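Undergrad: Structure provided below as C-alpha cells; questions to follow.
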Amino acid sequence: MTSSPSSPSFLSHFCSSALRSKPLSPPTDATVHTTSAQGLVRRLGVFDLILLGIGASIGAGIFVVTGTVARDAGPGVTISFIIAGASSVLNALCYAELASRFPAVVGGAYLYTYSAFNELTAFLVFAQLMLDYHIGAASIARSLASYVVTVLELIPFLKGNIPSWVGHGEEVFGALSINVLAPILLVLLTVVLCRGVGESSVLNSIMTVTKVLIVIFIIIVGAFEVDVSNWTPFTPNGVQSILTGSTVVFFSYVGFDAVANSAEESKRPQRDLPLGIIGSLLVCVVLYVGVCLVITGMVPYQLLGDDAPLAEAFTSKGLKYVSVLISIGAVAGLTTTLLVGLYVQSRLYLGLGRDGLLPAIFAKVHPTRHTPIHSQVWVGIVAIILSGLLNVEVLSHILSVGTLTGYSVVSACVVTLRWTDKSTSEVSSKRISRRGEGIICLCALACCGFASGALFRFEASFVFIILGCVVAVVSGAALYLRQVYKDPPGFSCPWVPIVPCVSIFVNMFLFAQLHYEAWVRFIVLGIITVGIYAFYGQYNADPLNSSATTVYHRAATEEAP
C-alpha cells in the first residue's frame, strides 16, 4: 500500500532520499565493458573547449555593457571589469578542480553537488540553473532575431520594409509579444545540435573566431582614435561606482561553466577541461579590458550613449563602417551564446534523466548521432514557445540567481570534497561531526556575504558591513583550522579553503545586488522544486544507476594512459 504524504513513512523516506549522495567510484576491470551507444562521443579538444567557453561568455554585451557601465564609473570601468574578472577566476579555479575530478560524465554543478552534498540540494541547484537557462535562451533568441533584422536592413530595398513582428517583436493583447524569426533561428540551431557535437562545434568555432576577430579589429582601429586626456580623471565618481560597476559586469563573464558540462564529449577531460575553463575566461578578460580602454579613450564617458555606445563612439569619429561590423559581431556573439546555452541545457537534462530525477526519456542518446536528441528537442521547444510568444526581456531582472547559486555551491563542493572526514555523524561525545561543523561554517560564510551585500546595497553604515566581513573571516578561519584537507587527483585549486571561501562570499555579495524579485523567484522556485522532488524525484531517483556509472568507468579507462 502506498503511503499517504502525511504518514511518518513518507517523511522518513523523504529525508533518507533527500540526504543520499551520488558516489563515483574509481574504475575497475569488471565495470568497464560497455558500448559506445550508452554515452556521448568524445570529439572536443582543448581548442574546441576554449572556443566553447568564449562562445558562451561573450555575446552582444561586449558592445553595449562596456559603454553603459562606463557612463557611471568613467574610465574606471576598466577596473570594474578586472575586479569582476578576478572574482570569476576564483569560480573558474573551483570549476576546474571539479571538472578534473569528475571528468567522465555530464552534469556540471548538479553532478558536483550530488556527490559533495545530497540529492535534494543537487535537484534544487538544477532547477535554479535551468530557469536561468530557459529564460536566457529565449531572451537571447529574441535579441539575435532583432540584430539579424538590423543586418538585413542594411540592404536598401529591405530597410524599413520588415514588419516588427518578424524580428523586433510586436505586442498583442498586452501580455503577448509575437516574434516569428526567433523560433525559426532556434529550430535551425536545435537541428544543428541534434546532428552531433562535431557539427555544432564547427559552427561554434566559426562564429566565435569571427566574433573575436571583429572585437580585436575594433580594439586596434579604436586605439588610433584614443585621446588619453579622456582617461583623466580615471575614477570620477569614486571607488563605490567602480565596485557597483563590477557587480553589473560580473555577469558578462558568465558562461565558462559551460565547459564543465562537456565532460563526456571531451577527448582528454582531466587535462583539457581545466585548460578550457580558465583559458576561455582569461581571453574574455583581455577582450573586455581592451574594449573598455578604447571606448573611454575615444569619447568622454559623459557623452557615451545608452543603447549602442560603442557604435556611436565610432560613428562620432567618422568610422560608420565599424557600426556595421559591430552588428555582425553581435549576430555572431549571440549565435554562439545561444548555441552553447541550448547545448548545456540538454546535457543537464541528460544527467538528471540518467539519475531518475526526471523521466527516462531525457536519458536516451541517439545510437549513431551520439546526442541526447529528446533532451535537445525539449530544450528547443521550451525556448521556441517562450521566445515566440512572450516578451521575456521583462524577466531579465530575475536572471543570474541560478548562476550565482551554482557558483557558490560549486565552491562549497571543492571544500567538502577535500575533507578527509566524510561521515555525517560520529559516535562520540561530540554533538556534531567535524563535517557538520564545516557545513555550518560554509552556511555562515554565505549568509555573511549576502548580509554584507544587502547592507552595501542599501547604503548602511560601513560598521555593519565590516562586522559581516569579520564573521565571514572567522568562519573561513574555522574551516582552515578545524578541517583536514587532502590533495585531489588532477588539477588542484590553489589555497583551499581560502579561494573557495572568498568565491562564496563574493558570489553571495553579488546575489544581494539583484532585484528583490529575483530573491522572491529563488524562494518560490525552491518551494516548487521541493514539491516536485517529494512527489516524483524521491521515488524514481537512483544515484547508483548503472548507465551513468558505466559511462564514467568507460571514460575514465579511456583517459588512462
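Just so you know, glycine gets a Cβ as well, placed from its N, Cα and C.
TrEMBL does not curate its annotations; it predicts them automatically.
Got these off TrEMBL a minute ago, pasting:
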TRANSMEM  77-98  transmembrane segment
TRANSMEM  110-131  transmembrane segment
TRANSMEM  172-194  transmembrane segment
TRANSMEM  206-226  transmembrane segment
TRANSMEM  238-256  transmembrane segment
TRANSMEM  277-301  transmembrane segment
TRANSMEM  321-344  transmembrane segment
TRANSMEM  373-392  transmembrane segment
TRANSMEM  438-456  transmembrane segment
TRANSMEM  462-481  transmembrane segment
DOMAIN    491-540  domain 'Cationic amino acid transporter C-terminal'
TRANSMEM  493-512  transmembrane segment
TRANSMEM  518-536  transmembrane segment
Undergrad: Quick check: do the transmembrane segment (518-536) and the transmembrane segment (462-481) share at least 3 Cβ pairs under 8 Å, counting only pairs 6+ apart in sequence?
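TA: No, the transmembrane segment (518-536) and the transmembrane segment (462-481) are not in contact.
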Undergrad: Please figure out which one of 321-344, 438-456, 462-481 racks up the most CB pairs under 8 Å against the transmembrane segment (172-194).
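TA: Comparing 321-344, 438-456, 462-481 against the transmembrane segment (172-194), the winner is 321-344.
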Undergrad: Can you tell me which parts of the same chain pack against the transmembrane segment (438-456), counting only residues 6+ beyond its ends and a CB-CB cutoff under 8 A?
TA: 243, 408, 412, 415-416, 419, 432, 464-465, 468-469, 471-472, 475-476, 478-479, 482-483, 501, 504-513
Undergrad: Looking at the domain 'Cationic amino acid transporter C-terminal' (491-540) alone, can you tell me the average pLDDT?
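TA: Taking every residue of the domain 'Cationic amino acid transporter C-terminal' (491-540) together, the mean pLDDT is 93.
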Undergrad: So if I exclude everything within five residues of the ends of the transmembrane segment (238-256), which remaining residues of that chain have a CB under 8 angstroms from its CBs? That is, six or more out.
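TA: Beyond its ends, the transmembrane segment (238-256) has Cβ neighbours at 53, 55-58, 61-62, 65-66, 69, 72-74, 76-77, 79-81, 83-85, 87-88, 92, 95, 277, 280-281, 284-285, 288, 337, 340, 400, 403, 456, 509-510, 513.
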Undergrad: Taking 110-131, 206-226, 462-481 as candidates, which has the most Cβ pairs under 8 Å with the transmembrane segment (277-301)?
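TA: The listed stretch sharing the most Cβ pairs with the transmembrane segment (277-301) is 206-226.
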